[in-house]
Structures are given as structure tokens and as C-alpha cells.
């Protein structure tokens, strides 16, 4: 099937500063794509290019098979939701929703019908006659989504829409956006720096850095098989534990040596066949480590001392030290550990991630 | 520094005994009663002295400054209501014994300047004819300029803006003669239209700066949203930007009305005696060298001339504050 959005060799520079570099991306019809990255990685810039709010320096953008590289934002068949809501303060919610339709010269009856339909979907019907100033943050963002909805666009662009909301509302609206996507099944591109939003919403996540896409894959793949050390560190909280060491091979079995300890890598699925031996990073997520009795049964085991305990209710995060190294482990919420306790942790190397020392790409 | 005494007084003595007395809970400083739950000591609202050193300093300064500015006004009003014999007595602070409005009538309708003997009224209407088009035209052009510079960055827009700002710092005097020539060549020298054009041009740098900075502070995303909604240059200006910008329009109006009304230099250079604005005519009345100096008429004429900016301040000052308050609500 033809992709809904296709970006070919896109580049954008401000003077000598290259913000996007030769970027290629295809987004399928009805797909929910999340652009994830730390600030300054070019994710919002990419979204603005797709929306037509920034003129590109090179490359092409296709939306619904149509070349829209030079088209005005309003002619691209998109709806956009902004971080600061960007509601017109002097208009009522109904006025905000109908502004774009009036500009498009739609007949009055149809405008009204579309506004009412969008308001019904978003449950903002009682708010239609209010001004944005009289709305709460969540209501404002819902109205802003409504403004994108009435356009009947095939593509929705979200620019960090939940970043201005408090934690509770953010979780609620996140669910609503997901439900909206399931109901409408339009193509959605969603920019965020929040990995939880990315993991929960996305069909596919594009991790960006320095104007390029590092990895484009499903949340599951990104979490379990990060393509590079950067991605592995970026996704997951607390961040992945890394051991610096050497990869050795003897008769087809691989072993990893770190800090005077050597263990077998039985069960680890290498990315591109058996790699050459050499310096490497060994990464294991805090939630893939076990402690106590389970640790005894693990193929690899470390003993250390608890340095810090962060009880979260559902889980307890424990930071512990082995020698001069600090690691995180995620334990059960009922675990009773205290600062200074001796702790024994173990893990299965099959769940680990190996990265080349120099290229930092997955082995 | 005024805080310390209150804080220490009560808290020095602690009374640990718990007494039950509902209305005592809020009291403090009385050694025998301690509250229901509260320990004795500072509780609730902090007492403030009405006659503190700080208040005396602030209000004292304000009163002195008020007197300093109000005294001349008082003298003017009092003098304008006296007859000439009373003024000759020399007590400028004394209230009028016999109140007369004749000086006001004379200043407005009878005082002579050159050949015209219809008082300030002619100058007043000339000034109005200059003021209204100049204010409307300069604000209309400058707001569009500022909007374009803030939101529609075009090639060379920064350079254009820099040139405009430099224009604000060139002394007017340098440009007087070239403008005289230019106006003469297009046949507008000595007409009100010419003066309106001059005022519009000279108001441009500062007003454009004002509007550009205001529009630049409007969230960029609002502008982006409007573009996605298919609004063009003028639609965004009229339907999004202008309705949001009442405060800055009021500020610009105050600036222009007072500036143009009080202008003397351009008025005297670019018009002719029949079309002199009020300020020029006031000068001609006050500085006329023939006959007796009629202080009462001069005072009345001066107050009359200053009345328009004064009214603007009083009316729009309120609107101004309200506009700012309305704009402060995050939309």
C-alpha cells in the first residue's frame, strides 16, 4: 500500500547549521508514528517541515501520494495540535474550531455539523460557547485537538501536545489520544520527549538525534533490541546498566569479561551473526536483573551493597555498588531493602544487549 | 527590619500546658492563655503598623511630589479665573475674590493672533484635523509593519528593521529642509495633508518597534495554528493579531495623540498662519508683544491647549490598565 506520508532526502539548514540531514521516512496509512528524541534533535523541526510551516532546503515531502513540498500548510490535508494549545484567545471554542473551515469557504451548515461532530467525539459540547481563558488545561488541549479534527484531515500532527499538562491529566489524555486514533484510524505523527508517551502510543517509534533517525521500529523492538548504545540509554528509566569489557570467542561460544569476572553469553541472539571478538559494552536493564533467591539460580551473579532505595509503590528501585561501579536494579514493590544492606543480584545474559565499543552499534 | 520585634515578643515564652478554649486559639502575646492546639507565639496574620518608617517615607515623598506638580496647575487655574485688576495685586496664590470666566471666553473665541481674532478655536479645529488622520494613518501602517516584521520574516527584513530603528535616532532638524523641498515639489507644502504625511512618517520608527516587539511576544504557535487553518497575511492580522492587541494599540494611541497634539516645530514649519495648529496659536497669543500682558487669558489658553492630552490620559489610562489585565490571562 502506498505510504500516507513519504519523506525523501529531506534536509533543512539555518545558515550553516544543518538541522535535518538527508532524512528519509515512510509512514503507513493509519499508522501512529512517534518522533522521540532529546531537545534539539530536530524532531519538532521535522514535524514543522511536514506541516509546511518551515521551508525545506532540500528533498521532497509527499502526503497521500501528492507532492506537497511547496504547498501551503492549509493545502496539505493536515491537522495540527501544538504544545501551548495555540487557541485563539478572543474566539469561543466553537469559533476556534470553525476558523479554519470559514477560511476554506465551507457552507455554514456543514461547518456547524462538523463542529458538533468533533465536539461530540471529544466531549466538549458544553464548552463550545466558552472562551479558552475559561477552560482548564485538559479542556484547552481537547479543544485544540478538536480544531484539528474538524478539518477531516488524513494526517494529524502533534507537537508535544501533553507537555504542558500535569502528570494525571497527561495520562488521561494520552489514553484519549490512543482511543481517538483507534476510532479515526488516521495517520498520526506525534512528537515527544517523553518515552512513556512514545512507548504507549506508537505503532512505530523513530528515535532522532542530530537531525537523523537512529532507529525506526516498534516500541517492543526499540526496548528489547535497541540498535545502538544511545538508543539503549535513551529508552528505559532508570537507564540501562552498562559494563565495559571484552568479548571473547572459543570454539563457537562467546564469553564476556568485565572487572575480573568472566561469564558465558549462552542464549544471546547476535544481531548479524557471530561477531568478531573485541572490546564491547554489555548492557542489562534494571528490570531484567533479579535479586535474592532468584539470583542464586541465575547464570551470572554479582554481590554488592545497597546505596540508595527509591520506593515507587509498584516497584522499588535500588541503586547498589559493586566495587566502584554503580548499578540500578528494579525490585518488587514489597521488597524490604535498606541503605547499606548486602545484596546479591543476578541476570540472564540472553536478555542483555551487546554493543561494539567503537561504533556503539548492536552486536 | 520592621519584622524582628513582633516575631520575638511572643515566642520567647513557651507555655506547654494545653487549655481548651475555642476563641483563645487565635490570640497570642497574652502569657496566661495558650491555644487549643497552637502553642503560644506568633500566629495568624502578621500585624503591621500603619505608621511605620517605610510608610512615612513613601507617603511623605508622594505628597511632596504631588504638591510640586499640582502647585503650578493651581496657580494657572486661579489666575485664569481672576480679572486683571486682581492679578495686578500680585498675590499669585490667593484664590480669586471675584470669579470671572471672561478670560476663558476670550482665549477660546476672541484673542487675536495676527489678522485673525477668533481665539484658539481656529487652532483647536486645525489641530483636530491634523491629529485624527495622523494618528489613524500612523498606527495603521506601523502595526502592519510590525506584524510583518515579527511574523513574516522576509529576505532583508532584519536589515529593514535596523534601518528603521536608526531612523528613530536621527535628529528631526536634519530632515526639516529636505522635507520642505519634497513637500513643495509634490505641491503639499503649507497644507494639512502635508503635515499629516510628515507626522505619519516621523511616528513610524518608534511605533513599528513598539508593534513588532508586541507581536513578537505573541506565541509563535498561535501564528502557526492560523496558517494551518488556512488564514493568509490579512486574515491573521485582522482576525488573530489585532483582537489580541488592544493594549498596544492604546499605548500607541496615547503616544501619537500627545506627540502630535504637542508638536510645535512641524506645525509652524509645514503649515501657514490660517492652518496653524493650536500649539502654534497658543504661542502667538502668549508672546504677542502689543498691548497689556493678559495673564488670565494666557493661563486659560494654556489650560485649554493642554486639555486634550490630559483627557486622553484620564480616559485611556483606565482602558490601558484594563487592556493589560485582560491580556495577562493566559489564553
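Residue positions begin at 1 at the first shown residue.
Cβ coordinates come from backbone N, Cα and C, glycine included.
Any TrEMBL annotation is an automated prediction that lacks curation.
Residue ranges B:160-180, B:265-285 are listed, and TrEMBL annotates B:160-180 among them as transmembrane segment. Spatially, the transmembrane segment (B:232-255) is adjacent to the transmembrane segment (B:130-148); three or more Cβ-Cβ distances between them are under 8 Å for residues at least 6 apart in sequence. Sequence-distant contacts of the transmembrane segment (B:186-211) (same chain, at least 6 residues past either end, Cβ-Cβ under 8 Å): 126, 129-130, 133-134, 137-139, 141-143, 145-147, 149-150, 161, 164-165, 167-168, 172, 179-180, 245, 248, 251-252, 255-256, 259-260, 263, 266-267, 270-272, 275, 277.
Among residues of the same chain six or more beyond the transmembrane segment (B:297-315), those with a C-beta under 8 A of the stretch's C-beta atoms are 76-77, 79-80, 103-104, 106-108, 111, 119-120, 123-124, 127, 131, 253-254, 257-258, 261-262, 278-279, 282, 285-286.
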